[in-house]
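Copied over from TrEMBL:
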type: DOMAIN; residues: A:207-375; note: domain 'Hflx-type G'
type: BINDING; residues: A:213-220, A:259-262, A:353-355; note: GTP binding site
type: BINDING; residues: A:Ser220, A:Thr240; note: Mg(2+) binding site
Amino acid sequence: MNPYQEAGEDAHRNVILVMRTDPDSDAEDNQRKLQEFSELTKALNDKVVDVITQERYPDRKYNVGSGKAKELAIVARDKKANRIIFYDPLSTSQIYNISKLCSEAGANCRVMDRFQLILDIFAQRATTHRSKLQVELARLRYELPNARILVSLSKKEERAGWGGLGDYEDSYEQDIKKRIARINTELKKADLEEEARRVYRHKNGFFIVSLAGYTNAGKSTLFNALVDEQTESKDMFFTTLIPKTRALIINKRKILLTDTVGFIEDLPHFLVDAFRSTLEGIYFSDMILLVVDFSEPTEHIRKKLMISHETLWEKSTSNIITVLNKSETMKPAERKKKLEELSHLIYNPIFISAKTGMGMPDLMNEIGMCLPPLVTQTISLPNNESGAAALSWFYDNGLVEEILYGKYMTFDFSATEDVMAKVNDIISKTQATL
Amino acid sequence: MFTVIAVDISGRHRIDAGYYMVCAAASVEITPTSIEKINEINTEAFLFSKPPELLDIVKIIENTAAKIKKKGALIVERGDLFNLDENLSKPMFTQEIRYQESIGERKAIELAHYVSLSTRNLLLKETGLDIRIHENDEDNIDAGDNADDNNKDGADVE
Ligand SMILES: Nc1nc2c(ncn2[C@@H]2O[C@H](COP(=O)(O)OP(=O)(O)OP(=O)(O)O)[C@@H](O)[C@H]2O)c(=O)[nH]1
């Protein structure tokens with residue numbers, strides 16, 4: 001139903017970011033917002049080809065001034081932009097006006113605002129049926145108030161062509177309303193926890209460690225650093241099922257590391273449910289690495305930590321490590337002072353720099369310490385078909401060390417206590433068939 | 001670990017007798033993510049004929065916390081203080097007070113909330129006031145059938 005063409009949906013898209021700021025606003029704050037805005041586009045693998053900023057009060061027709069808008073259209077053409085994304089929320093008529101300027105200039109791109117970008121990110125990261133519904137619902141709610149204007153704008157434009165537009169106008173809005181109603185009914189049926197539990201049922205002795213934190217805290221950088229440093233396990237089941245998940249081995253433990261959608265500042269109300277639904281993995285985590293950009297001013301960190309705790313508190317584990325990232329940018333005394341000021345919000349703090357690698361060994365250690373302890377037992381299985389079948393159970397449920405093959409297959413097996421409790425059953429089954 | 005006193009008030013809506021409120025103050029040891037130890041809990045009941053105003057609420061909270069021996073910052077839910085900005089509510093108190101921020105503080109408030117709620121339900125039942133509770137009493141959960149258990153301090157909370 002989207003009336004705008006979008007080129008190059010696959011590969012990476014070229015995007016232009018547009019940010020208008022009020023004349024009397026705080027320059028540093030604007031800079032930070034712009035940085036976060038640009039980080040958001042990375043979550044979709046988009047390439048920022050230009051950033052256009054303007055200091056002025058919002059223009060009714062184009063959001064930025066009309067001169068700036070014309071300039072923007074030319075840049076969009078020259079840089080082959082696929083998307084122009086505004087920081088400010090745009091009205092439908094603004095989107096229409098800017099799109100018109102662009103197509104007149106010969107650019108072929110979609111004009112959208114930051115909220116639509118955020119919705120795209122959520123959509124990409126929604127795993128369960130329910131979270132997909134939540135995202136779709138948010139999108140429809142966002143579109144609804146604009147549906148009528150949208151159609152009447154096209155009407156103005158193509159007066160001659162569309163005969164039965166009146167009908168279409170009604171049906172477009174009606175269509176959105178119907179879809180909202182249908183999704184609401186479906187949402188009532190789809191139990192998120194039930195579904196997520198089904199997904200995580202097969203976790204097979206894996207510990208689920210989730211990275212959480214605000215956009216721009218450095219989650220992705222840390223994720224990559226952790227993945228680079230460790231041996232990746234070959235278990236593909238989860239890594240294909242859940243986006244941004246890798247299976248790793250840290251301190252002999254099989255770990256599923258998942259990156260989550262970053263918390264976003266000033267998330268509008270209509271996006272909150274959709275955001276929370278993308279966090280479903282967190283609610284099944286054994287541990288959360290709460291990543292914080294520790295180089296920010298104390299007051300910002302406090303607010304962000306507060307909202308992180310609010311989001312996590314009811315449903316998730318309290319097994320949290322607070323990863324104080326970007327610590328290399330501060331002197332030790334400064335770090336210590338900040339930590340003291342925020343101590344009531346910071347659990348298990350570890351100073352790191354995901355960029356330079358500082359503190360990474362400490363982090364590994366801490367992760368190892370916070371995971372439930374493993375027990376090791378020597379196992380002997382008959383070296384035959386039933387033994388081989390049993391062996392795959394051991395691989396799935398814990399860590400199998402080097403196997404000595406003879407009449408028996410002998411190896412050390414490490415796993416949690418609840419897994420260990422099942423070992424005797426598995427072994428006795430193989431003996432029954434001997 | 002920190003010692004805080006988590007405070008919660010139940011029953012701020014009208015019943016026929018007036019505004020019958022129970023305030024619970026729980027002194028607890030918390031980490032940023034959990035409650036480690038419960039030191040003591042005090043509950044007090046208050047009856048007002050008019051809807052409580054901000055300064056009434058401040059008094060209720062301070063009076064209930066005053067009986068606690070193991071001191072710490074008061075942790076209060078923003079809504080209990082009419083969603084007033086923290087900077088404005090702080091000066092009204094004679095002691096340190098903060099809105100809940102961490103997971104540990106949220107759990108502490110949750111504890112205080114269950115204590116004030118169940119205490120109030122019990123008191124209503126014991127005094128016979130409960131027949132006249134207004135219908136829109138959203139907080140009104142079942143306090144249990146054991147009417148003999150008039151353990152007002154809620155000391156059996158783990
Ligand atoms: N100085 C410094 N910069 C860092 C560090 N870690 C990450 N960064 C920078 O911080 C910015 C954000 O990092 P990301 O890893 O993309 O942040 P993120 O939390 O994954 O953000 P989203 O993907 O948008 O949710 C990038 O510009 C990184 O280069 C660090 O340890 N020190």
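Yeah, the Cβs are placed from backbone N, Cα and C, and that goes for glycine too.
Whatever TrEMBL says is automated annotation, not expert-curated.
The shown structure was predicted, so the numbers you read here are calculated from the model rather than taken from an experiment.
Taking the features listed in TrEMBL, we show where each one sits on the structure.
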residue  : record           : DSSP class
A:Gly213 : GTP binding site : strand
A:Lys219 : GTP binding site : helix
A:Asp259 : GTP binding site : strand
A:Ser353 : GTP binding site : coil
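Non-local neighbourhood of A:Asp259 (GTP binding site): A:Ser210, A:Leu211, A:Lys219, A:Ser220, A:Phe223, A:Lys244, A:Thr245, each in the same chain, at least six residues away, with C-beta under 8 Å from its C-beta. A Cβ distance below 6 Å to any atom of ligand 1 is met, among the binding-site residues A:Ala217, A:Lys219, A:Asp259, A:Val261, by A:Ala217, A:Lys219. Within the same chain, residues at least six positions away from A:Thr215 (GTP binding site) with a Cβ under 8 Å of its Cβ are A:Glu36, A:Glu39, A:Leu40, A:Ala43, A:Gly262, A:Phe263, A:Ile264, A:Glu265. Neighbour counts of Cβ atoms within 10 Å were compared for the binding-site residues A:Lys219, A:Lys355, and the top value is held by A:Lys219. Note on the binding-site residues A:Ser220, A:Ser353: the fewest other CB atoms within 10 A surround the CB of A:Ser220. Comparing local CB density within 10 A for the binding-site residues A:Ala217, A:Val261, the maximum falls on A:Ala217. Using a 10 Å Cβ-Cβ cutoff, A:Gly213 (GTP binding site) registers 25 neighbours.
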